[in-house]
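For reference, the structure discussed in these notes is given below.
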């Protein structure tokens, strides 16, 4: 017991917190799974595609209320934020489950919008609790932390989709039951262990952190490859599906190896007589870093994106949802680590990676618009990678430009672009053009099959990506001095240790 207490006080407790934060993020991508059950809502409620898209917009509109979680993060504990998120998600997805299983009759359209909004808003409380706490616990490794956490968010869609496919044959009602129960349970567990702890105070501790974070990266890559292998290996029998699920659960538990290692080898913790001069240099540089953040607080804004549904004649789109999720993970993990490396090496502005991703994103949309054989697979991969980059780079860059004191509020202001973008591109443009194409081919009037259904939408998205690239380049130019100062401070710290 004494050893465990020393472990928790000595900084090891934050690693258990990080593990539970990873679990929260691994079940936090429920906002991107709407396509897995939306067809049932469309049928039960007799909706047009535009009405269905607006239901999705209502879900995304929940993020507009993320400012509440941002404000709350400045006054309330991490545990309370997680409990609120768990409650909202349980109610929001629970009602959808009752409707899909026809336990209750279909609710009025406006009321369904409210419950979808609640489900969408639940993730802002979870994300805010996790990101704010972990960014403050690991302030000198913001890129890797953002990459790991957002990487698991990217994988969460594939985790839910593949488990549901393996165990329940992609049954929409079972899928919604998972969305109702699993995130709420995981958040309650994280509420016990995730809390703010003192950050690394010496260069030695920072290097140890980086080593352990590389371990988390490796485990995350193993999860992604495992999910990808399941997706591309075709139809699976019941026994193989059970084996897959058990293996996935083991991989999701593997991050516990890091805190377990620290418990077992607790004698490797730094001794109390750490070089005081080194610690004073480190603290002085951290104070200077805070001043830089305050001076540069108005340097610019960051841009992230949102996924959109696809329809090119495939009867089951779950594999493409999973594909986008898994490749999004690789974009998140790689961009977090690489952007951190190049900041330390040359002071390259982190948002340069967003600009490059925007160019690649436009190519992905053009591939989808062309609808050539295999283009849906290629487009899903490319678009997924690019979204992964956005969702990792933007939170890390925001923490560097605006500081960590009010990070919860800043983060939730940034994600306001999600409901706005969803309303413009999905609710208005995509929904309207889809219904136009559906009516032009006759039939039911609200079902469209073929490459033409979303071709113009993809072209519009490609041009929007190029516009985003220009804005990201402008932001990179305006913030290059900030990142050069960060580079100089880290170089000075490194040289002082030598």
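Here the Cβ of each residue, glycine as well, is placed from N, Cα and C on the backbone.
Curation does not apply to TrEMBL; its annotations are automatic.
Copied over from TrEMBL:
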- 14-260: domain 'Nodulin-like' (DOMAIN)
- 312-483: domain 'NFD4 C-terminal' (DOMAIN)
- 80-100: transmembrane segment (TRANSMEM)
- 107-127: transmembrane segment (TRANSMEM)
- 175-194: transmembrane segment (TRANSMEM)
- 214-232: transmembrane segment (TRANSMEM)
- 239-264: transmembrane segment (TRANSMEM)
- 351-371: transmembrane segment (TRANSMEM)
- 377-397: transmembrane segment (TRANSMEM)
- 409-434: transmembrane segment (TRANSMEM)
- 454-477: transmembrane segment (TRANSMEM)
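In this model, the domain 'Nodulin-like' (14-260) carries an average pLDDT of 86. Highest Cβ pair count under 8 Å relative to the transmembrane segment (175-194), across stretches 80-100, 107-127, 214-232, 239-264: 80-100. For the transmembrane segment (214-232), the residues of the chain that approach it from at least six positions outside its boundaries are 18, 22, 144, 147-148, 151-152, 155, 158-159, 162, 166, 244, 247-248, 251-252, 254-255, 257-258, 319, 322-323, 326, 329-330, 333, 337, judged by C-beta separation under 8 angstroms.
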